[in-house]
Amino acid sequence: MGFGLLACFLSGVILEVPWWWGLSWIYLFMLGVLGAYPLQEGYKLFSGWGWIDTTSFSLVLLSLLLLVLMYIASIKVYNAKGLKFLFSWMMNFLLLFLMGSFLSNNMLYFYFFFEASLIPTLILIVGWGYQPERLQAGVYFMMYTLLVSLPLLLALLYLQGKGLGLLMWDSLNFKYALDLGSMSEMCLSLVLMLAFLVKLPVFMGHLWLPKAHVEAPVAGSMILAGVLLKLGGYGLMRVLGKFTFLFCSLGSFLVSLSLVGMGLIGLVCCRMNDLKALVAYSSVAHMGLVICGIFSGVMWGLSGGLAMMVAHGLSSSGLFSFVNLMYERVGSRSIFMNKGLVSFIPSSALLLFMLCCGNISAPPSINLFSELMLIFGVYYYDSFTMLLFPFGSFLGAVFTFYMFSYVYHGKLHLNLLGALNPGGAEFHCVLLHIYIINLLLLKGGVFLTLI
């Protein structure tokens, strides 16, 4: 990281090239860390309160990569006069809270960082959102998450009161420490899961997500889709490892709900005309796959769920940055107002096509690797529910290329005639997303360390 910061300084001061080239050096340095880190099975404790393993390391690195890309995508904020220093502080605090969540060994510390990440996210949405409706989106975002997080805190305090000590992830065995009846087990499992399921979000608990995505600035949308949703999946993976006996009765229901929701969301997206809302709804479908992998209970499913979280974090972040590129020039997110871009920005057609390929899990992206593992996991769990999987995947491809064909083909809209060509930083940001999405396939064995 020190090498990356030095490169950023040299590029901006001595070499007099754009500052985002220096950030790109930081990005490449972190990719080198990914290739060199000796990931092995098991946990690696590095202090009294923190730890790191394959799961936490993957999501911490994803957070660092997306922070660099958020800075590059937010070049308009830094070029304008205003509270750009506050904007930078909010992004840095958000990164700090996210890393605290992923590295916490104590469940109460994890809860603290889990909730603290809401504050800078809310400030980003309300302070730098594009429309007046951002206030309503902020209320939805806070109410949905806080209402389901308070029972989680009460459940953790209850578990600590049962004599389970400091609630450390690596040293607890709840199966023999708790003596609960069947109804108490059901209530406890619902409370422990609900906060994480809404955070992911699960189908029918997702109403806050499109509002927050649509009204957030590009940096808010990128970090929200890229990392904040993964807090829910990370929490489920950690809790499921200790409360396996509590999840057995709800696994079949949640897997079926996620697969059905994946198909219904695909149908909704096929009639969506707001580009940003379409990308946001596609996140619900992809997180449904993560839920299926986690609750399958087999290692193929868990590894596929982790790989899908990383893959979706990069592909959805890239799509949001591309949609923002068009919105800043056209002034509209409507598909019908952004037609005919192939004659206006022909060089960007390949970039969006590659992002769409990643979104539908086409080769050579890491998304393909993750979806194949999820298919094996769901099949081993229940071969009957596997029948719903192809339907949702097919609809995902339909609405993704529906978006691509509408945006790049057809008659050029008059609004585009006076628009400016995208700058180098914006193309650079999208290209870095594509680079890591396809490069990660070569490091797919990282996720197999869970098996």
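Just so it is clear, glycine is given a Cβ too, placed from its N, Cα and C backbone atoms.
Confidence for the domain 'NADH:ubiquinone oxidoreductase chain 4 N-terminal' (12-99), expressed as mean pLDDT, is 68. Residues or ranges marked as domain 'NADH:ubiquinone oxidoreductase chain 4 N-terminal' in TrEMBL: 12-99.
Feature annotation from TrEMBL assigns transmembrane segment to 19-39 (among others).
Under the heading transmembrane segment, TrEMBL lists 51-73 (among others).
The transmembrane segment feature in TrEMBL is assigned to 85-103 (among others). Proximity of distant same-chain residues to the transmembrane segment (85-103), defined by a Cβ-Cβ separation under 8 Å and at least 6 residues beyond the stretch ends, is recorded for 50-52, 56, 59-60, 63-64, 67, 70-71, 74, 77, 109-110, 112-114, 116-117, 119-121, 123-124, 127-128, 219, 223, 227-228, 231, 234.
Per TrEMBL, the feature domain 'NADH:quinone oxidoreductase/Mrp antiporter transmembrane' maps to 104-395.
Here TrEMBL flags 109-130 (among others) as transmembrane segment.
If you look up TrEMBL, you'll see 137-159 (among others) marked as transmembrane segment.
TrEMBL lists 188-209 (among others) with the feature transmembrane segment.
Summarising the annotation, TrEMBL assigns transmembrane segment to 216-237 (among others). Under 8 Å from some Cβ of the transmembrane segment (216-237) lie the Cβ atoms of residues 55-56, 59, 62-63, 66-67, 69-71, 73-74, 77, 87, 91, 94, 98, 101-102, 110, 114, 117, 121, 124-125, 128-130, 134, 137, 193, 195-201, 209, 276, 279-280, 283, 287, 290-291, 294, 302, 305-306, 309, 312-314, 316-317, 320-321, 324, all in the same chain and six or more residues away from its ends.
As annotated by TrEMBL, transmembrane segment applies to 243-270 (among others).
What TrEMBL records for 277-300 (among others) is transmembrane segment.
The feature transmembrane segment is assigned by TrEMBL to 306-327 (among others).
As annotated by TrEMBL, transmembrane segment applies to 348-381 (among others). The list of residues near the transmembrane segment (348-381) in space but at least 6 beyond its ends in sequence, with Cβ under 8 angstroms from a Cβ of it, reads 251, 255, 259, 282, 289, 292-293, 295-298, 300-305, 307-308, 310-312, 314-316, 318-319, 322, 325, 341-342, 389, 393, 396-397, 400-401, 403-404, 407-408, 422, 427, 430-431, 433-434, 437-438, 440-441, 444, 447.
What TrEMBL records for 387-408 (among others) is transmembrane segment. Within its own chain, the transmembrane segment (387-408) has Cβ neighbours under 8 Å at 256, 259-260, 262-263, 266-267, 269-270, 272, 275, 278, 282, 285, 288, 326, 335-336, 338-342, 349, 352-353, 356, 359-361, 371, 375, 378, counting only residues six or more beyond its boundaries.
Ranked by the number of CB pairs under 8 Å to the transmembrane segment (306-327), the listed stretches 51-73, 109-130, 137-159, 277-300 are led by 51-73.
With a cut-off of 8 Å between Cβ atoms, the residues of this chain six or more beyond the transmembrane segment (188-209) that come close are 114, 140-141, 143-145, 148-149, 151-152, 154-155, 158, 180, 228-229, 231-233, 235-236, 239, 243, 246-247, 249-250, 254, 257-258, 260-262, 264-265, 280, 283-284, 287-288, 290-291.
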